[in-house]
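Beneath this line is the structure, given in structure tokens, with notes to follow.
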Amino acid sequence: MAVSVVMLDHIADTNAKPDYQTCLAVKGKQSTAAPVTESVILLKKRPSKDESVGHEIMVRKGPWEPEEDSILSAYVKEHGTGCWRKVAERSGLHRSGKSCRLRWINYLRPGIKRGNFTDVEEMTVIKLHNELGNRWSKIASQLPGRTDNDVKNFWNQFVRKQEKSKKKQLACLEANKIKNQLIKSNLGEKLQVEMAGFAVDGMNLPHRIISS
DNA sequence: AAAACGGACAACCGCAAGCCT
DNA sequence: GAGGCTTGCGGTTGTCCGTTT
């Protein structure tokens, strides 16, 4: 049985708040082992109105274990998706329906493409984003095997890279501007001597020159 | 070798829309 | 039509892991 489920059963039995030592013990690890992160062991009680359940449901959060993936895949293969809350309950996974849905759509679903975006995919995303804006699911629907999460992550990464290179370019321009102004001024003659030996790109200018 | 950093991506959260009773 | 529930979407955060210092 999956480690996570064993852990949950243990906690349900003792009705105690899980602590790191308990989890480490249940996981069969020594206390010196890599720490179990808070999100892995965080469990949330969710009230249920389902009479067949009759008690609160423990919901597991954090990264999915391979065993959980197997359970979800097997369940969906046999029963299909339908109502995700029922999938979560009937599969025996101690997860929310939302979490199951996300895991299936973004990771387990057949045909999911992994790895870097190809040039064609990149161009498609850029083009479609121009037309549609942040409509990630619409954009993803034009890219077979890619999820909206993939597209969103790609775009955020792309934007960050653009901003970074833009900032670098601006910094260089600004530094060169300052350098030229100083050279033109009377002060420049003295400073030219001082600056000799420093790179022209402005990134290596002495601090007092940049900040003046 | 260890700590710090940064990139990639997985997962959660809140909200809105749609559906059902 | 109102209210509750489920699903889907987009924004944000967390975690892992490779690289750099």
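These residue numbers are counts, starting from 1, taken along the chain as shown.
Each Cβ is built from the backbone N, Cα and C atoms, and glycine gets one as well.
As recorded in TrEMBL, the features of this protein are as follows:
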DOMAIN    A:56-108  domain 'Myb-like'
DOMAIN    A:56-112  domain 'HTH myb-type'
DOMAIN    A:109-159  domain 'Myb-like'
DOMAIN    A:113-163  domain 'HTH myb-type'
Can you count helix, strand and coil residues in the domain 'HTH myb-type' (A:56-112) using DSSP?
33 helix, 4 strand, 20 coil
For the domain 'HTH myb-type' (A:113-163), jot down how many residues DSSP puts in helix, in strand and in coil.
36 helix, 0 strand, 15 coil
